[in-house]
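Lifted from TrEMBL, the feature list:
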- 79-240: domain 'CP-type G' (DOMAIN)
- 88-238: domain 'EngC GTPase' (DOMAIN)
- N128, K129, I130, D131, G182, H183, S184, G185, V186, G187, K188, S189, T190: GTP binding site (BINDING)
- C264, C269, H271, C277: Zn(2+) binding site (BINDING)
Amino acid sequence: MKGTVYKSTGSWYTVKSKEGVFYECRIKGKFRLKGIKSTNPIAVGDVVTFDEDLSAEAQGVITDIQDRKNYIIRKSVNLSKQTHIIAANLDQVFLIVTLNNPTTFTSFIDRFLVTAEAYHIPAILLFNKIDTYTTEELNEIRYLASLYREVGYQCLGISAITGKNVDQVKEMMLGKTSMFSGHSGVGKSTLVNAIEPKLDLKTKNISSQHLQGQHTTTFAEMFDLEIDAKIIDTPGIKGFGIVDMEKEEIGDYFPEFFKLKGECKFNNCLHIDEPQCAVKDALDQDKVAWSRYKSYVQMIKGEEENYRTDIYGEK
Ligand SMILES: Nc1nc2c(ncn2[C@@H]2O[C@H](COP(=O)(O)OP(=O)(O)OP(=O)(O)O)[C@@H](O)[C@H]2O)c(=O)[nH]1
Ligand SMILES: [Zn+2]
């Protein structure tokens with residue numbers, strides 16, 4: 001049978017069959033993944049083949065895993081250098097942004113978007129709490145939205161509290177598996193509640209504890225919503241994981257830079273000190289946003305650690 005993994009708790013996997021029946025499954029044999037040393041061979045979102053265990057009720061054995069279209073990972077904090085696959089096969093990720101309370105800096109947004117690009121996961125920006133902003137702040141949101149739209153990202157102003165534009169978010173979620181990310185306090189739980197009041201995600205309780213430096217024993221979980229949509233909740237992780245990137249590839253994850261790259265004199269141009277650089281020319285002509293370029297330079301010049309750390313790590 002074929003099914004999708006909704007939850008994994010170490011050795012057991014909850015798999016929903018095509019017919020909509022949940023099975024508790026174990027793994028048979030070893031699953032080796034090309035290039036990643038992972039602590040978990042199968043993750044939430046994986047599409048698997050399993051055999052029903054006829055001697056037990058609603059149990060099975062996973063025998064095969066379908067190629068993933070993408071996955072997000074987390075590096076273990078210890079020295080083993082192992083990675084943990086948080087979730088697989090995401091259709092999109094929503095980054096919830098607030099101007100203040102809490103402040104979301106463009107450097108954070110850009111880092112997040114770069115990670116999404118590297119993971120090949122479409123990202124959408126939701127500017128939340130628009131019920132609280134002054135005219136001036138709303139103008140700033142408009143400016144940011146136009147900036148990111150220009151780059152190619154969908155942007156939407158919402159209020160999880162008043163329900164403004166929440167229907168549009170629901171519409172974007174139809175038929176897809178989504179994840180919500182953003183700093184603590186931007187309104188992730190409130191938004192998910194506005195979308196599906198009956199769903200009581202764990203995100204909130206867990207994130208209020210201090211998980212720093214601790215090995216979290218919480219696991220990602222997938223939920224079917226009443227509308228035809230799925231969400232993946234990652235309690236205690238909240239993040240989007242990390243990607244190892246080489247300096248040379250960071251620019252490729254800024255879509256507006258990538259488009260210009262062919263016009264740079266050097267085909268390995270880092271858009272920093274090189275002559276006849278199309279990105280710097282565009283910057284001079286205000287065709288590329290300074291905030292984006294600044295984030296890029298920070299990522300390039302930053303310590304290795306800076307662009308390799310979990311973007312959700314508080315330190
Ligand atoms: N005015 C206003 N307040 C909001 C809105 N969305 C969320 N809030 C408030 O912001 C606070 C934080 O919201 P949460 O939904 O708990 O934020 P979160 O992102 O889930 O936070 P963590 O669980 O810490 O990750 C709560 O007091 C919400 O009531 C909004 O659209 N407008
Ligand atoms: Zn260049």
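Every residue gets a Cβ built from N, Cα and C, even glycine.
Curation plays no part in TrEMBL annotations; they are all automatic predictions.
Shown here: features listed in TrEMBL, placed on the structure.
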residue	record	DSSP (3 states)
N128	GTP binding site	coil
G182	GTP binding site	coil
K188	GTP binding site	helix
C264	Zn(2+) binding site	coil
C269	Zn(2+) binding site	coil
C277	Zn(2+) binding site	coil
N128 (GTP binding site) to H271 (Zn(2+) binding site) - Cα separation in whole Å: 33
Residue from C264, C269, H271 whose C-alpha is spatially nearest that of T190 (GTP binding site), among the binding-site residues: H271
Spatially closest candidate among C264, C269, H271, C277, the listed binding-site residues, to V186 (GTP binding site) (Cα to Cα): H271
Binding-site residues whose CB lies under 6 angstroms from ligand 1, from I130, C264, C269, H271, C277: none
Largest separation between Cα atoms (Å) of residues that the record links to GTP, namely N128, K129, I130, D131, G182, H183, S184, G185, V186, G187, K188, S189, T190: 19
Sparsest-packed of the listed binding-site residues (N128, S184, T190) - C-beta count within 10 angstroms: S184
Among V186, K188, C269, the binding-site residues whose C-beta sits under 6 Å from ligand 2: C269
